C-alpha cells in the first residue's frame with residue numbers, strides 16, 4: 001500500500017481551468033431555451049442569467065472560506081466532518097460515490113458518442129465501447145500525472161470557450177434588436193413580474209453548478225489561501241459573462257417564441273447566421289463533443305479525491321487511499337471509480353434511475369453551506385480567507401441552494417424521497433462498520 005501523501009502541484013491557472021471546465025458543460029446547449037420558456041421575455045431571460053450567476057457568488061465565498069480553513073482533499077465530506085457530524089459527512093460521500101460520481105462519467109461519455117453519431121452513424125454497442133474507451137483514456141491521463149492532467153484541462157477549457165466566443169462574435173453581426181421587442185410567451189412573463197424572473201433564475205441554476213469541484217483537490221493546490229478564493233469567485237464571474245453574452249446574442253438572433261419552444265436553442269439560433277446556415281448542426285455537435293470531453297476529463301480528475309479522503313480517515317475501502325509511488329496520484333481510486341463508470345455505460349437503465357438521487361445531492365450542498373456556521377464556532381477554526389458580509393452571504397448561499405432542492409423535489413418528489421431513504425438505509429450501516437473499524441485501528445496505533 002502506498003502511504004505517501006498527495007503533493008501540492010496545481011497553480012492558479014490550472015485550478016481556474018478545472019473550475020470553468022467543469023461548469024461549462026452540455027447543459028448550456030439546452031438551458032437558454034429552458035430559461036427563455038420560464039422567463040417569458042428576452043430581457044428577463046438575459047437578466048435571469050445575470051442574477052443566476054451573481055447568486056452563486058455567495059456559495060463560492062462559503063466554499064472559499066471552508067477550503068482555506070481545511071486545505072485538504074474531500075470538499076463537502078471534510079467540511080461536514082469538521083462541522084461535527086462524521087455520520088453526515090460519510091453519507092454525503094457515500095451518496096456521491098454510488099449515485100453521482102461514477103454515473104456522471106458514463107452519462108458524459110455516452111453524450112459524447114451521441115454527438116459523434118450526429119456526424120457519422122455508430123452502432124449502439126460500438127458506441128458503448130467508444131464511451132468506455134474515453135473513460136479509460138482519461139483514467140490513464142490523470143493517473144500518470146497531476147500536472148499533465150491539469151495541462152490538458154487548461155487546453156480543453158480554452159478549446160471549449162473558443163466556439164462560444166465565435167458564436168457570440170458572429171451573433172453580434174446578425175443581431176436583430178426587434179427580437180427583444182417580441183411579446184411575452186407566457187402570461188406571467190407579460191407582467192414582467194418578480195415571479196417570472198424567479199422562474200428564469202431557477203432555470204439557470206444547473207448551468208452554474210460545477211465550480212466547487214476544485215474543493216475536492218484543495219490538498220493538491222499551491223497556496224490555497226490565495227488560490228482558492230481567486231479561482232472560485234473568478235470562475236463564477238467568467239462563466240457569468242460567457243452565459244450572459246450567449247443568452248443576449250441567441251435572444252437577438254431568432255424570434256423569441258421559437259427560442260422559448262426550442263429543445264436545441266444554440267443549434268437553432270445558429271441557423272439564423274448566414275455564415276453557418278445548414279452547417280449549424282455540425283458546428284454544435286463538434287462544440288458539444290469538445291465541451292463534454294472537458295467536463296469528463298475534469299470529473300475523472302477530481303472526483304476520486306473524495307473517496308481518497310474518506311479512505312485516509314478509515315471511513316471507506318482502504319485501497320482507495322493508495323497513492324502511486326511514482327506518479328503521486330490516487331491511482332486505485334481513479335481506476336475503481338472509472339471501472340464503475342464503465343459498468344454503468346453497459347447498464348444504462350440503472351444510470352437513468354440514479355438520476356433520482358439528484359435531490360439528495362442538492363440537499364447535501366445546502367448542508368455544506370450551513371456547515372460553515374458550526375465550523376465558525378470551533379476554537380481551532382482559522383481560515384486564511386473569510387467570507388465578506390458573512391451574515392448576508394451565508395443565508396444567500398443557503399437560500400439559493402434551496403432553489404435547486406425545491407425545483408428537484410417538484411421534478412420527482414416520490415422517487416427523490418425514496419432515494420434519500422435508500423442513502424440513509426444503506427449508508428448508516430456502512431458508516432457503523434467503518435467507524436468501528438476506524439476506532440479499532442486508532443486503538444492499535
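From the backbone N, Cα and C atoms, a Cβ is placed for every residue, glycine too.
Feature annotation from Swiss-Prot assigns transmembrane segment to 10-32 (among others).
If you look up Swiss-Prot, you'll see 39-61 (among others) marked as transmembrane segment.
Marked as transmembrane segment by Swiss-Prot: 97-119 (among others).
Swiss-Prot lists 126-143 (among others) with the feature transmembrane segment, giving sequence analysis as the kind of evidence. Sequence-distant neighbours of the transmembrane segment (126-143) (same chain, 6+ residues past either end, Cβ-Cβ under 8 Å): 105-106, 109-110, 112-114, 116-117, 149, 152, 293, 296-297, 300-301, 324, 327, 329, 331, 334-335, 338, 341-342, 345-346.
Per Swiss-Prot, the feature transmembrane segment maps to 153-175 (among others); the stated evidence is sequence analysis. If you look at the transmembrane segment (153-175), the same-chain residues 6 or more away from its ends with a CB under 8 A from one of its CBs are 13-14, 17-18, 20-21, 24, 242, 245-246, 249-250, 252-253, 266, 269-270, 272-276, 283, 286-287, 290-291, 293-294, 297-298, 301.
Residues or ranges marked as transmembrane segment in Swiss-Prot (evidence: sequence analysis): 188-210 (among others).
Under the heading transmembrane segment, Swiss-Prot lists 230-252 (among others), citing sequence analysis as support.
Residues annotated as transmembrane segment in Swiss-Prot: 272-294 (among others). Sequence-distant neighbours of the transmembrane segment (272-294) (same chain, 6+ residues past either end, Cβ-Cβ under 8 Å): 21, 24-26, 28-29, 108, 111-112, 115-116, 118-119, 134, 153, 156-157, 159-160, 163-164, 170-171, 174, 253-254, 264, 266.
Swiss-Prot lists 341-363 (among others) with the feature transmembrane segment.
Residues or ranges marked as transmembrane segment in Swiss-Prot (evidence: sequence analysis): 384-406 (among others).
When Cβ-Cβ distances below 8 Å are used as the criterion, the transmembrane segment (411-433) is approached by residues 86-87, 90-91, 94-95, 99, 315, 356-360, 363 of the same chain, each at least six residues removed from its ends. Summarising the annotation, Swiss-Prot assigns transmembrane segment to 411-433 (among others) and lists sequence analysis as the type of evidence.
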Short question: most Cβ pairs under 8 Å with the transmembrane segment (39-61), which of 97-119, 230-252, 384-406? 230-252
